Amino acid sequence: MKEKLESRYGYFMISSIIYGFFFTFCLYRNLHGITLPFWVAGTLAYFILAFRQLELKIKKDTVFYAAAALLLGISSVLTDDLFLHFFNMAGILLLLGVSLLYQMYEERKWGFGRFIMNISTFFWDIMESIALPFSQTGKFFKKKSGQENKKLKYVLLGILIALPLFLIVVLMLVSADRIFYEMVSKALSYIRIDMNIVFIICMIFLGIILIYAAVGGLVNYRLKEDQPACKNQEPIIAITFTSILCAVYLIFCGIQVVYLFAQGVTGLPGDFTYAEYARRGFFELLFVSILNFAMVIICNTFFRDHKALKVLLTIISVCNYILIASSIYRMILYVAVYHLTYLRVLVLWFLILLAFFMAGALICVYRSKFRLFFYCMIVLTIGYLGFSFARPDYLIANYNLAHMEVMHIDDIHYLMNSLSDDAAPAIAKLDPENIEGASRVYSDAFSFDAQQTRKMEFYDYFYKLDEKYQSSWRKYNFSEHKAQIAAVQYLEKHEEDKKLLKVDFN
């Protein structure tokens, strides 16, 4: 495979140069614009053509991950959420890496740990292959020119040596003589460097190097496909500690059924409200649920099969479902009183994913050949795609505004300042006259009543939102466009509020 890459150097280098320009056009200062999904599609097209050059047939499993990466690129264009932008990009890179591994290696023999190790190794191999385009370029020109360019090589070496010496000497002479200093300063004043051009050139080279290194890292390094025999530990060890934990979990799960799920038939302890009871211990339960998932995988991976161990792991899995259900129910009770925040939505989403992960771990207890990592990747990919396309900031704003009996300006501050502009269309539906409280910013700066300060803050928020998005088509984002439309409509509807502000908006 390495020989094929070297023999087709011309094709790979030219295609990498084209990709470098395409990469820069799509992503330069633009990680969530309309060009992002085109970059993903272009990257996939590059690898498809590369596989053809390397005489590799596209596998079916590769298609799923490639399609998921493309969908993540599309979802970034539909949201203004920076959290999603970051993890969408991370997800795209991860899915591209996994798709390449599926393409090159037979992963059915890999366990959960081996897959994690091989993915990490692959990305490390790409970093090690960054010098590959330079070394292969050197070999290519050496073969073409033979010994004819020996003198040119010596000249280039001399220039490289002269550059640092030239800078040092000029700096010293500039300090030594005022006239020479003025002459150099005058000469430099005619040289104007646009930093945008510098960054664009650097990004083009980055795209060329990374894409070439990705192919080079894939074909030059052989990952370990064989799963080492590790299921050899004495099961009595696992039976002992899991049986103790099972006893604790059964007691705790009984308490959850009596006090939480049955809504306290025997009454809650002390003066707890259900919201307070739900909040206490939530994150501890979340930690224990994750710990149980890891424990089932570890026991199933390292300890020899034993009927008693399988029964205990099944009990732990069932108890873990009760813990997950308890965590979800606690959060729902808490949200019913204190409404949604981004963290609460994220935690609920993760708990649902954890329930699906737990099902895969339980299947592994009885079916050792079950592809757990593949299953978890499918669940995580579909789950995250759903989360990303849902635009959680908009859902949070809609839910909170629909379920607040009394809306206070402080609640609106959270929507305006803590959420992304995805929430703007929901906020635009509000009327400042139907909100309680005074804006602290404008009540301190201006002598207006509470209602007027609210109007001022709303108008200022939407005015800045309208001014914020005046960018090129390359950076077009659906959510930003929708937020701008909502802002324009609000400003037109509340034109009279502009007079309240002692600021020149023109």
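Each residue, glycine too, has its Cβ placed from N, Cα and C.
Automated prediction, rather than curation, is the source of TrEMBL annotations.
The following features are taken from TrEMBL:
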TRANSMEM  9-28  transmembrane segment
TRANSMEM  34-51  transmembrane segment
TRANSMEM  63-79  transmembrane segment
TRANSMEM  85-105  transmembrane segment
TRANSMEM  154-176  transmembrane segment
TRANSMEM  196-215  transmembrane segment
TRANSMEM  236-262  transmembrane segment
TRANSMEM  282-303  transmembrane segment
TRANSMEM  315-340  transmembrane segment
TRANSMEM  346-365  transmembrane segment
TRANSMEM  372-390  transmembrane segment
Could you pull out which residues elsewhere in the chain have a CB under 8 Å from any CB of the transmembrane segment (346-365), counting only those six or more residues past its ends? 286, 289-290, 292-293, 296-297, 300, 310, 313-314, 317, 320-321, 324, 327-328, 331, 372, 375-376, 379-380, 383, 387, 392
Using Cβ atoms and a strict cutoff of less than 8 Å, what residues sit near the transmembrane segment (9-28) while being 6 or more residues removed from its termini? 35-36, 38-39, 42-43, 46, 49-50, 53, 133, 136-137, 139-140, 199-200, 203-208, 211-212, 215, 474
Are there three or more C-beta pairs under 8 angstroms joining the transmembrane segment (315-340) and the transmembrane segment (85-105), sequence spacing 6 or more? no
Does the transmembrane segment (236-262) reach the transmembrane segment (196-215), going by 3 or more CB pairs under 8 Å (6 or more apart in sequence)? no
Distant-in-sequence neighbours of the transmembrane segment (34-51), which means Cβ under 8 A and at least six residues beyond its ends: 12, 15, 19, 22-23, 25-27, 57-58, 66, 69-70, 72-74, 76-77, 92, 96, 100, 103, 211, 215, 473-477
Mind checking which residues of the chain, 6+ beyond the ends of the transmembrane segment (282-303), have their Cβ under 8 Å from one of its Cβ atoms? 111-113, 230-235, 237-238, 242, 245, 309, 313, 316-317, 319-320, 323-324, 326-327, 330-331, 334, 347, 350-351, 354, 357-358, 361-362, 364-365, 368, 372
